[in-house]
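> Got a structure here, written out as structure tokens. Questions coming.
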Amino acid sequence: QIQNPCLGTEYIQSASYTDSSDDETSPRDKQQKNSKGNGDFCIKNIKQADFGRREIEIAEQEMPALMALRKRAQGEKPLAGAKIVGCTHITAQTAVLMETLSALGAQCRWAACNIYSTQNEVAAALAEGGEAHVFAWKGESEDDFWWCIDRCVNVEGWQPNMILDDGGDLTHWIYKKYPSMFKKIKGIVEESVTGVHRLYQLSKAGKLCVPAMNVNDSVTKQKFDNLYCCRESILDGLKRTTDVMFGGKQVVVCGYGEVGKGCCAALKAMGSIVYVTEIDPICALQACMDGFRLVKLTEVIRQVDIVITCTGNKNVVVRENLDRMKNGCIVCNMGHSNTEIDVASLRTPELTWERVRSQVDHVIWPDGKRIVLLAEGRLLNLSCSTVPTFVLSITATTQALALIELYNAPEGRYKQDVYLLPKKMDEYVASLHLPTFDAHLTELSDEQAKYLGLNKNGPFKPNYYR
């Protein structure tokens, strides 16, 4: 039995043509085949493939770097022979990544890292196209979640040699159930802070038996995905679920990392009064210098209208805090998974749960006070709204390059440890996206490059730069 699965991770667009309630029959009980007669997949409804293909085509227009990779590698096939097993969100954007990996020569099998994030029509399009064998649908149970991962891994006549993970559940499952597979696996690429933490734990314990690439701490991930993405998607998620007006609202944001910075900037721009909680004195000082009041949660919990967690930690908002909130307070999470808000403490006989709409619940106290809980404490933007496709282009390109690097690295370049993406690759990802803005880089002269001690073509920042 696997304990505490990470069922909520990053990168998603949850809107779907087919809600999980449309058909109560479990996909596991269906026999479906695509137009080519292939049935090596498990999705909600293969008939939705045309809708999904249109979604993917729209996403391709906002993902220039992946499309550029496809074009540049048409003859090279740098992933020829790669057998990639993936566990990420399955959306139009990640579909573009999967189809790019296929175009680069890889065979792919895929499960979802979040039980609510799969776009069923996109999964259908992937199953129809055959570029990836997909086992996922929106509204999976926990048992379904692990079953889908196992179907991707435990295949007769096929064994993965690369892993792309978002949250660490896939890697964890293989370690627990099929450890011998790591003899043929060349490397792991991990996307999320939680998954990276798990890898560092394995490395520290001497149990990491293949090289792993930490793309979560790449500059393109931290700055663009966490900061700029959340700056836009926090407002989208709150508006779609509650129709709240931000002007004049008192909001406390727990955590002032890149996600917290993005959330605070957006809310401040909309006229909200924003408080910040933080454990790190450096981040705390940044919040103060950015004009936010640094407080302890207990100091403002009775007066705030909205509580947002984005720390990546557990039990940031506990029952004691929830008991003291004002009537109508909106509570949501923008951190990695569903551990930040102690939702389990609210499932007690004296409290009443009332479903308002999808992903929106009233939790009502005996005296009539109620709070508005969004997505049951799971990632707000991933469960309730959308994430900008352009940002996902940056992240997905980083993942693709990390897979190419680990797969093609000569023996001995990477040991059984966790590595950061080389800065040169970070800069390459950024450069692929500049033409979208008709941006023109300034070039160093030979004299300037010598003065700075740099190569004219980069990298321009040291590997420790974040």
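Heads up, the Cβ atoms here are built off N, Cα and C, so glycines get one too.
TrEMBL does not curate its annotations; it predicts them automatically.
Copied straight from TrEMBL:
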type	residues	note
REGION	13-39	region 'Disordered'
BINDING	Thr91, Asp166, Glu191, Lys221, Asp225	substrate binding site
DOMAIN	226-387	domain 'S-adenosyl-L-homocysteine hydrolase NAD binding'
BINDING	Gly257, Glu258, Val259, Gly260, Lys261, Gly262, Glu278, Asn381	NAD(+) binding site
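Let's see these features in context: how buried, what's close, how far.
Counting every protein chain shown, the Cβ of Lys221 (substrate binding site) has 27 other Cβ atoms within 10 Å.
Confidence in the domain 'S-adenosyl-L-homocysteine hydrolase NAD binding' (226-387), given as mean pLDDT, stands at 95.
Val259 (NAD(+) binding site): 29 other CB atoms within 10 A of its CB, across all protein chains.
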> Taking just the CA atoms, what is the gap between Glu191 (substrate binding site) and Lys261 (NAD(+) binding site) in Å?
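Pair distance, Cα basis, whole Å: 20 Å.
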> Other Cβ atoms within 10 Å is the metric here; tell me which of the binding-site residues Gly257, Gly260, Gly262 scores highest.
Gly260
> Excluding near sequence neighbours, so keeping only residues 6 or more apart in the same chain, what lies with its CB under 8 A of Lys261 (NAD(+) binding site)?
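The list for Lys261 (NAD(+) binding site) reads Leu227, Gln286, Asp290, given in order along the sequence.
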> At the Cα level, what's the spacing in Å between Asp166 (substrate binding site) and Val259 (NAD(+) binding site), rounded?
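For Asp166 (substrate binding site) versus Val259 (NAD(+) binding site), the Cα atoms are 17 Å apart.
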> So which of the binding-site residues is most packed in, judged by how many other Cβ atoms lie within 10 Å of its Cβ, out of Asp166, Asp225?
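Ranked by Cβ atoms within 10 Å, first place goes to Asp166.
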